[in-house]
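**Q** Provided herewith is a single structure, encoded as structure tokens, for subsequent inquiry.
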Amino acid sequence: MRGRKHRRALSGGTAGPTVEHAVAGGGEDEMSMTQDVAPAAARSAAAPAASTAHKRDQSIDVARGITIIAIVLGHVVIGVGAAHMANSQQVEDVTRGLYLFRLSTLAYLSGLFVQRGIAKAGAKGFITQRLLLFGWLYLLWSTIQSTAKALAGSLTNGTMGWGEVLRLWVPEGQLWFLPWLMSVTLIAVVVKPWASRTRALVSLGGSLVLALAVWGVEPTLIFTRGWALLLPFLAGCVMTATTHARMFRSLAVAWVVALGGAAVWLSLDFGFTVVPPTLGGEDRTVSGVVLGVLACVVGTAACLAWAGLLARTRASAAIGAVGRRSLEIFLAHIVVASGARIVLLQLGVESLGVHLVVGVMLGVVVPMAIAVAAERLGWTWVFGTPLALRRR
């Protein structure tokens, strides 16, 4: 029995409440969605030293790439659905399936490098860097995204008055994930779940109880959403990047998890009423939450396994490049994809296939191009911490 249609708060027509995401740029030695973005020259100069300390795990970049593409696709699908260009049941099925794994994967990836980051910068330095980065990006991109929505007016799937642009206590679209990252970073630094087996068990057990309690709940205020994702984030902290790199070294294991996990994920999504971790709370039942947790776990595992397999192929170069720009894509894709849909509709293009392909393609490529241009211009503040804050 399929789940009922989920209520969604759309931002500019494509921004469902997701991380969605997270979604991080930066090298392999940085946390997903948690790196302190530095000028291109500085990152290039640091690359040789980083590569000697840690062998690059290409599968992590590929996993980031898969996740951010899924995030963009989900928002494009929500946008065309809100514009009444697609069947509502099809939109629900696709978005529910994507929501079952994309943010949990992103949260897990975001936790992998926390221990290493603290070892490099110290607890105080690490927290300061992350709070400044995500706090700044939240303020900047909330203003950009809300202003774009207000300017577009009735052309978007939802309207926003100018008086709402600076309502920063109500996150705009996917940007709730940034305050969430600030919160879970503080928790990880205090709890240190990687420090001992006891700490790991207690922190994971506590976050599991919390996840079951808030699974699918959709609060609207800043810092209140996404707490079901604390579990995969802390799981990433416990795992660490070093241990993760050994998970899918065996091709047999990778194929079993990739195929088996995907099969179970699809079966649960299309065959039962399942609740994703960050939306669908109106459908909350005991069975829906339990099956949703199961689908989330196997879907996340399958995504990571597929990343491990694809990292062995030539496709890893392109997908990995997308993954290394996942933070930039996460921040800018809503404005770009919404704009693409508006332009296509104004040109009289109503083909669902065209909207999906163009929306996803531009939602990925344009933010990457903007990031490159910003680096060349020295505008590190667009996707990173401003120099004035970095010197503090």
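Going from the start of the chain as shown, residues are counted 1 onward.
The backbone N, Cα and C atoms fix where each Cβ goes, and this holds for glycine too.
Curation does not apply to TrEMBL; its annotations are automatic.
According to TrEMBL:
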REGION    1-24  region 'Disordered'
DOMAIN    58-371  domain 'Acyltransferase 3'
TRANSMEM  65-86  transmembrane segment
TRANSMEM  98-119  transmembrane segment
TRANSMEM  131-153  transmembrane segment
TRANSMEM  173-191  transmembrane segment
TRANSMEM  198-216  transmembrane segment
TRANSMEM  222-241  transmembrane segment
TRANSMEM  248-268  transmembrane segment
TRANSMEM  288-309  transmembrane segment
TRANSMEM  329-348  transmembrane segment
TRANSMEM  354-374  transmembrane segment
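Could you place these features in context, so I can see how deep they sit and what lies close by?
**A** For the domain 'Acyltransferase 3' (58-371), the model gives a mean pLDDT of 95.
Tertiary neighbourhood of the transmembrane segment (198-216): same-chain residues 191-192, 227-231, 234-235, 238, 275-281, 283-284, 288-289, 292-293, selected by CB-CB distance under 8 Å and a gap of 6+ residues from either end.
Distant neighbours of the transmembrane segment (222-241): 17, 19, 28-29, 54, 57, 60, 103-105, 107-116, 168-171, 176-177, 179-180, 182-184, 187-188, 191, 193-194, 200, 203-204, 207-208, 210-211, 214-216, 277-278, 300; these residues of the same chain sit at least 6 beyond its ends, with a Cβ under 8 Å from one of its Cβ atoms.
Same-chain residues lying 6+ beyond the ends of the transmembrane segment (248-268) with a Cβ under 8 Å from its Cβ atoms: 59, 97, 100-101, 274, 291, 294-295, 298-299, 301-302, 304-306, 308-309.
Residues of the same chain lying 6 or more positions beyond the ends of the transmembrane segment (288-309) and with a Cβ under 8 Å from any Cβ of it are 3, 59-60, 62-63, 66-67, 97, 100-102, 104-105, 108, 211-212, 215-216, 232, 247-248, 251, 253-255, 257-258, 260-262, 264-265, 268-269, 272-277, 280.
Same-chain neighbours of the transmembrane segment (354-374): 14, 25, 68-69, 72-73, 75-77, 79-80, 85, 321-322, 325, 328-329, 331-333, 336-337, 340-341, 344, 380, 382-383, counting only residues six or more beyond its ends whose CB sits under 8 Å from a CB of the stretch.
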